[in-house]
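J.: Could you have a look at this structure, given as structure tokens, before my questions?
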Amino acid sequence: MSRAFDGSKESWTSYSERLDFYFKANKITAAESQKAVFITVIGPRTYGLLKSLLQPKTPQDSTVTLDKMKDVLQKHFDPKPSPIVQRFKFHTRVRKQDETVATYVAELRVIGEHCDFQDSLDAMIRDRLVCGINSIRIQRRLLQEPDLDYDKAFQIAQAMELAAHDVSDLPGSKSQHQTPTPVHNLQHKKELSHRQSKVECYRCGGDHYATKCKFIEADCRLCGKKGHLARVCRSRKEKPQQQRNHPKAKTGYPPQPQQNNRQHPTHNLDHKSHPLLMGDSDQEDYPLFTLPSAGKPIVVSVSVNKVDLSMELDTGASLSIMSKDTYSSLSSTLPPISPSHVILTTYTGEKIKPVGAIDVDVRYQSQTATLPLVIVPGNGPTLLGRNWLEVIRLDWSL
């Protein structure tokens, strides 16, 4: 072992352990011989540091043993971390989007080395694997397993990960021959088909797209808003009927629509001049929430400002939304809320003004983007809307 210690290539702990094996391999057992070899191989830079750390003594002093020199350098290069800090890191470590199960478990073992878990380390890694696997499909499978130990948890998680990867590589798989279907087509196929067959401008009623309409700056004589004519004003056509069919809500949440297919509260966007809504004015008629109460929501795990967040997929939502309560719980990692001109209108005609909006750094698997997020009052679920889906392509194989 002739290579001097280089802290940029390995830790002092690793170097010291390899030096012990060098002594055994070469049958160097005498204490003075081990000390002499140690001083010789560590290199001039480390030796100079050692002399400084031993002051007022020197390496030549008979009272300075090999263990003493190794301990001094150990405390300098690799001081023992706080078990509390390491346990905090351990219990908050979540598998990253592009991280394999094996790599995730290996990282947990590295962090757990200084957590003082002792004989319970495997059990703690098992629990963290279940909680931080960042895959609902694998997590549910692990939770269904009776008498789950570490070995079984690791085998199941790794097998499901490899199976998903192998299926995507099979000849004839959809992922090889098809591009993912745009999410908004899943629930609005009929609406899109109708819109493609006939284009009707909501600003004037003409046969062209709203973005090309010459009345884009016109003022409505009926409601006073800019962007459409009185003959197509929805406040004349829709609001009286809404008020007859639905009593005004007494709470902060809109009442349920009186329909056979029960739905969650519906909000429509009243587009104003706001960066979040630029270029989206032709989607003004789309509801913000259209989740059937009988169906289970599709949950997507994304990283928002380096915090793993579960969002409910809502292809009927023009914008992605987070409740004020959720924002408050994550405020230390999110930017301050900025004012927003977005106005939400319930089906009863009530206006709901959001708290504001923020721009966040979003990561999904290998995709990254900076996207807007509207903050609304209350404590509802965080929704992944169409404005994010235009940028992020979801992986439906997970």
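The backbone N, Cα and C atoms fix where each Cβ goes, glycine too.
Unlike curated entries, TrEMBL annotations are predicted automatically.
As annotated in TrEMBL:
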type	residues	note
COMPBIAS	173-184	compositional bias 'Polar residues'
DOMAIN	220-235	domain 'CCHC-type'
DOMAIN	309-388	domain 'Peptidase A2'
REGION	169-192	region 'Disordered'
REGION	234-281	region 'Disordered'
J.: Give me the mean pLDDT over the domain 'Peptidase A2' (309-388), rounded to a whole number.
T.: 86
J.: Using DSSP, what's the helix, strand and coil tally for the domain 'Peptidase A2' (309-388)?
T.: 9 helix, 36 strand, 35 coil
J.: Per DSSP, what is the residue count of the domain 'CCHC-type' (220-235) in each of helix, strand and coil?
T.: 5 helix, 1 strand, 10 coil
